[in-house]
Amino acid sequence: MTETINNIADVIGWEAIRTVVGLVGVLVVVVLNALILTWAERKVSGHIQRRIGPKEVGPFGLLQPIADTVKLLAKELLTPQNVERPLYYLAPVIIFIPVLVSFVVIPFDARLQVKDINVGILVILAFSSLSVLSILIAGWGSNNKYSLIGSVRSIAQNIAYEIPLLLSLLSVVLMTNSLSLRDIVEAQKGGGWYVFFQPVAFLVFFIAGVAETNRTPFDLPEAESELVAGFHTEYSGMRFALFFLAEYTNVFILCAMTTTFFLGGYHGPFLPGIIWFFAKTYLLVFVILWFRWTFPRVRFDQLLNFSWKLLIPVSFLNLIITGGLLKL
Amino acid sequence: MAMTNPVSIIKGAVSLIIGLGVTIKAFFRPVVTCQYPREVVTIPPRFRGHTKLVGDDENPDRTRCIVCGMCERNCPSGAIRKVEGEKREGEKKKVATAYILDFTTCSQCGICVEVCPTDALAFSDDYNVAGYSRENCHFDLVKEYEKRKATR
């Protein structure tokens, strides 16, 4: 076994093997996460609403996501008249690229990171801005007023909330002196999680992240009751599934980043690091699902005011205070 | 805007936390779902299913219906199609032999129950009346009474 691997490595090089293994791992995590999240969302929503959620399809409805996938695959891919064909077809594809790239730098365990790029934070933030582009393309290319309004709102929201996201992360970077995610997690070894040192940054980052992923209470772009379905109105079947998948993966990336920056990443007693990482991440995912059925939807002007007038000054102040305290 | 006022921010944040507390309590409480085919809801006493004929107290072989036709005349939807009866030996009033109710047009208004001079009609608690044809909902209340009498 090691013989064959060594032989292959002599031919194509260790980097290539590492890339392939990393890619397969990322794809497995993305697909499994989507399945788990669809099931968890429906079960958690059900129990918060004091009903059961899916229960017929497998024990405890565990096979429900598979039934959903089969349904979406079997649906007719309807292309409406007069859409901008290149844009319409490209949008669901483009929304997936930033998501997959962000997975490359997430540290699942001390040695389970596809590639520790030394500007890891920059990679994640830059690629999450790309998903905004995909929403714009989807909304414009659909040739539908509701899609256009939905996508324009979504873009304004995403741009507005990227700033507090970055500013709160900068406080963490100031404390660590490094942009690499591995260094940030290692600096929280031994119980010194950043959530205790930077509670304000944690709150601002989490709230801005929820807004970035278009989840309630900030889900106006895809508000079912107000805009038909927002920017993915005109997409059916597998194309809709891709948007859906990208949203759930974005939720996972947000929670993974929050655990990495503020909750100590993969550190924890007794159990292997990766289990702690997933436990913390899915705890935060549960919190996001919990938010959905607790808070009413924020009105669009309230949403932008909240970012520009509250989150940005607060995170800026936090950054200044952090810098000042570190200097002393 | 009042948004940058620190007091209102704190108040707002506290109300958000209270809201989260409400939903998480609901998450742990038992579900209120009645899983229908396997569990059945108890029918309240004043439930309005289709009407049924009530038996006479002194002579359980016959219904209280005296075939006067008041229900048939007063039904606003014309759901009561045929009320027929005969005069039998030993009985002072007529005995009903056929009572056809077309449940597809019945609105369960209760006028027939109200106007019956002998209180022969009452609401049943039968809600499983789905079927494959319209005729499935044409009930002969006298036949149903006979069936209930036999199984008592």
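Glycine too: its Cβ is placed from the backbone N, Cα and C atoms.
Fair warning: this is a prediction, and the values are worked out from it, not measured in the lab.
These come from TrEMBL:
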- A:20-40: transmembrane segment (TRANSMEM)
- A:87-108: transmembrane segment (TRANSMEM)
- A:120-138: transmembrane segment (TRANSMEM)
- A:159-179: transmembrane segment (TRANSMEM)
- A:191-211: transmembrane segment (TRANSMEM)
- A:240-264: transmembrane segment (TRANSMEM)
- A:270-291: transmembrane segment (TRANSMEM)
- A:303-326: transmembrane segment (TRANSMEM)
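Across the candidate stretches A:20-40, A:87-108, A:159-179, A:240-264, A:303-326, the maximum count of CB pairs under 8 A to the transmembrane segment (A:120-138) is reached by A:87-108.
Of the two recorded stretches, the transmembrane segment (A:191-211) does not lie close to the transmembrane segment (A:87-108), with fewer than three CB pairs under 8 Å once pairs fewer than 6 apart in sequence are set aside.
For the transmembrane segment (A:303-326), the list of distant contacts is 156-157, 160-161, 163-164, 167-168, 170-171, 174-175, 198, 200-201, 204, 207-208, 211, 218, 220: same-chain residues at least six beyond its ends, Cβ to Cβ under 8 Å.
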